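Engineer: Got a structure for you, questions after.
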Amino acid sequence: MSTVVVVGTQWGDEGKGKITDYLAESAEVVARYQGGNNAGHTIIFDGNKYKLHLIPSGIFYSDKTCVIGNGMVIDPKALVKELEYIHSFGFSTSNLKISDRAHVILPYHIKLDGVEEDSRGANKIGTTRKGIGPAYMDKAARIGIRIADLLDRDEFARKLERNLAEKNMLLEKLYNTTGFELKEILDEYLALAEIIRPYVTDTSVVLNDSIDSGNRVLFEGAQGVLLDIDQGTYPYVTSSNPIAGGVTIGSGVGPTKIHQVIGVAKAYTTRVGDGPFLTELNDATGDHIREVGFEYGTTTGRPRRVGWFDSVVVRHARRVSGITGLAITKLDTLSGIETLRICTAYKYNGEIIESFPANLNLLAKCEPVYEELPGWTEDITGIRNLNDLPENARHYIERITQLTGIPMSIFSVGPDREQTVVVRGIYG
């Protein structure tokens, strides 16, 4: 029995899709447990690049069961579009299972997400405007509509009518914009429900039965620890729990069944959206890393903010997610930079801070404490063994493991599968 969770240790976009896709080859089940179509993951499969937002990375393996767990919020239109996208390349999706307890994103969630963000003015939180936050708000307020409701025509109609009365009032009276017609949404989403219906089941049964049978199960997190609603840079966060603990809530699998947590980190740091970012590079080096690493959002296309590796951030991720192994991606992007920096701590009013502050005003006043390391000029994209790395590259990632306190499990020197190097066994 072996279960592995893959989490991002930074602000998302760490390369989790690549690592998950690699590890999925040895798993029988791949599951997502939180988020929605607000985060994308890019997968290279058989030399081709695919971009997914909702469906787990393992979908391209016909012999793997792929699960969309109860902790996710699902936009049925986006889901059907993604199914059609996968089918267009000749892949089957018969191996997909969708939780009947997952919540549904509806048109009013998406519209409210946009108008609420616009109303914040200079205090925008950087939402992707996909309706994620409003859907999770309804879930917490106990007025959400779940997949099980969507498949029950009468129940869906009843709950939709109730919710539209409130949502239309908000849109029309508070935000001075138009609301929605009940019949229009009802007809469209009942049709979508019939497309989704064959995939829907109690996924907690699927997952627990698989684990109890001794199968390898891989849980795929979206976003990253610093975007976690509890442990991240609140309020500049997502509306769910990407940390490893989110697996138990978002999949219906108990904590005693989680065995390994792999934390994925870029060899530097990136962030999309607003909020403090102490190691950010607003200079030629930052521009160079952005272009070489092609640091643009999968979902939004927005240029990502780029900075040096921050060990304070990753130590925080290790602590709150119980990370047992580190996967460092995009090491090759740093080739050719003469001097590299790693943030080892923060300084506030002359005091050294080694843990990540919750107070963002305090965080914004901190200064990063850097350690400089020599870079390397060699092309490392063909490296397939840790000991074959240039001395400076090897020393760089060894220093990262020392500062974060996480043993190295994987490093990556390019986008392709064969450019993923396993240093330490994952599944045991």
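Residue 1 is the first one shown; counting continues down the chain.
Cβ atoms here come from the backbone N, Cα and C positions, even for glycine.
Heads up, here are the entries from Swiss-Prot:
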| type | residues | note |
| --- | --- | --- |
| ACT_SITE | D13 | active site, proton acceptor |
| ACT_SITE | H41 | active site, proton donor |
| BINDING | 12-18, 40-42, R304, 330-332, 412-414 | GTP binding site |
| BINDING | D13, E14, G15, K16, N38, A39, G40, H41, T128, R142, Q223, T238, R302 | IMP binding site |
| BINDING | D13, G40 | Mg(2+) binding site |
| BINDING | T298, T299, T300, G301, R302, P303, R304 | substrate binding site |
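Mind running through what each feature is packed against?
Structural biologist: In three-state terms derived from DSSP, D13 (active site, proton acceptor) belongs to neither a helical nor a strand segment and is classed as coil.
Annotation note: L331 (GTP binding site) sits in a helical segment as assigned by DSSP.
Less than 8 angstroms from the CB of R302 (IMP binding site) sit V272, G273, Y296, each of them six or more residues away in the same chain.
Cβ contacts within 10 Å of G40 (IMP binding site), excluding its own Cβ and spanning all protein chains shown: 18.
Other Cβ atoms within 10 Å of the Cβ of R304 (substrate binding site) number 21 in total over all chains.
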Engineer: Would you identify which of the binding-site residues T42, T128 has the most other C-beta atoms lying within 10 angstroms of its C-beta?
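Structural biologist: When each Cβ's neighbours within 10 Å are tallied, T128 leads.
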Engineer: Does DSSP give P303 (substrate binding site) helix, strand or coil?
Structural biologist: strand
Engineer: Let me know the DSSP-derived helix, strand or coil state of K18 (GTP binding site), please.
Structural biologist: helix
Engineer: Helix, strand or coil for T42 (GTP binding site)? Use DSSP.
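Structural biologist: Going by the DSSP assignment, T42 (GTP binding site) falls within a strand, counted as strand.
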Engineer: In sequence order, which residues at least six apart in the same chain have a CB under 8 Å from the CB of G12 (GTP binding site)?
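Structural biologist: Correct list: A39, A222, Q223, G224, L227, P242, V272.
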